[in-house]
Amino acid sequence: MSILIDEKTPILVQGITGDKGTFHAKEMIAYGSNVVGGVTPGKGGKTHCGVPVFNTVKEAVEATGATTSITFVAPPFAADAIMEAADAGLKLVCSITDGIPAQDMMRVKRYLRRYPKEKRTMVVGPNCAGIISPGKSMLGIMPGHIYLPGKVGVISRSGTLGYEAAAQMKELGIGISTSVGIGGDPINGSSFLDHLALFEQDPETEAVLMIGEIGGPQEAEASAWIKENFSKPVIGFVAGLTAPKGRRMGHAGAIISATGDSAAEKAEIMRSYGLTVAPDPGSFGSTVADVLARAA
């Protein structure tokens, strides 16, 4: 089983006719994702990457029954693309775009709260690698061949560390149910907590690897929630152990600005709530293997 997407999930690609949209739409289709259409204003009626193109998300949903989209839209227009998808009734939107202004994402968050919670669109990203349920569907930009189907969930703020974890686990014969890149921006569409709750409900996910980084309270909040609400083993990691205070390290949200933001502090918080913490990125696979062996 998996969370968020599977082989039947009907997917739209917003911005499909651009260079990035074209490349990754082809990659997703080749992987086996159920891409049913694309959206580019002014290019409706054409066929691209073997699927129909529509002018609006609403038109695309009405014609294809899509429930999910991935957006390859430039930063100045990315927030509007997310809100258009929400207005069309999509359940899930994955925003790959890096560089969306924080004020725009605040506007998106406010806009989505207009909808009742049960009808509210889940946004994954922005500035993320996307989602993959190995062997079923890929909604993102990750190299699909490094993922082995299995029973470990992965949630990561960093796309490339998520890749590293997948590659190490595959070498050890450990598979992944779903891997979610939530993105490295200060304001995310969804958090560790949102996806942990889904993994808790998935009977075929037996453990979760949670990869965080410096900056923000997400890791501490998730660790506290895990202690009280999560029944499966969780392996944690926090990138940025050597990062100096006040200096951004890669992602816009990766900056130590308050007590509890540093990697060492977050790792200690994880341990205090019962998580097993991987000591370094080279130990993802071995740490997951040790935890699974103890839980068997």
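For all residues, glycine too, the Cβ spot is worked out from N, Cα and C.
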Identity of the CoA-site residue among LYS43, LYS117, LYS119 (reference: THR17, GLY18, ASP19, LYS20, ILE96, THR97, ASP98, source: Swiss-Prot): LYS43
Local backbone state of ASP98 (CoA binding site), from DSSP in three classes: coil
CoA binding residues THR17, GLY18, ASP19, LYS20, LYS43, ILE96, THR97, ASP98: largest Cα-Cα distance, in Å and rounded to whole number: 24
Neighbour count (Cβ, 10 Å) for THR17 (CoA binding site): 18
Surrounding CB atoms that lie within 10 Å of the CB of LYS20 (CoA binding site), all protein chains: 15
Local Cβ density at ASP19 (CoA binding site) - other Cβ atoms counted within 10 Å: 9
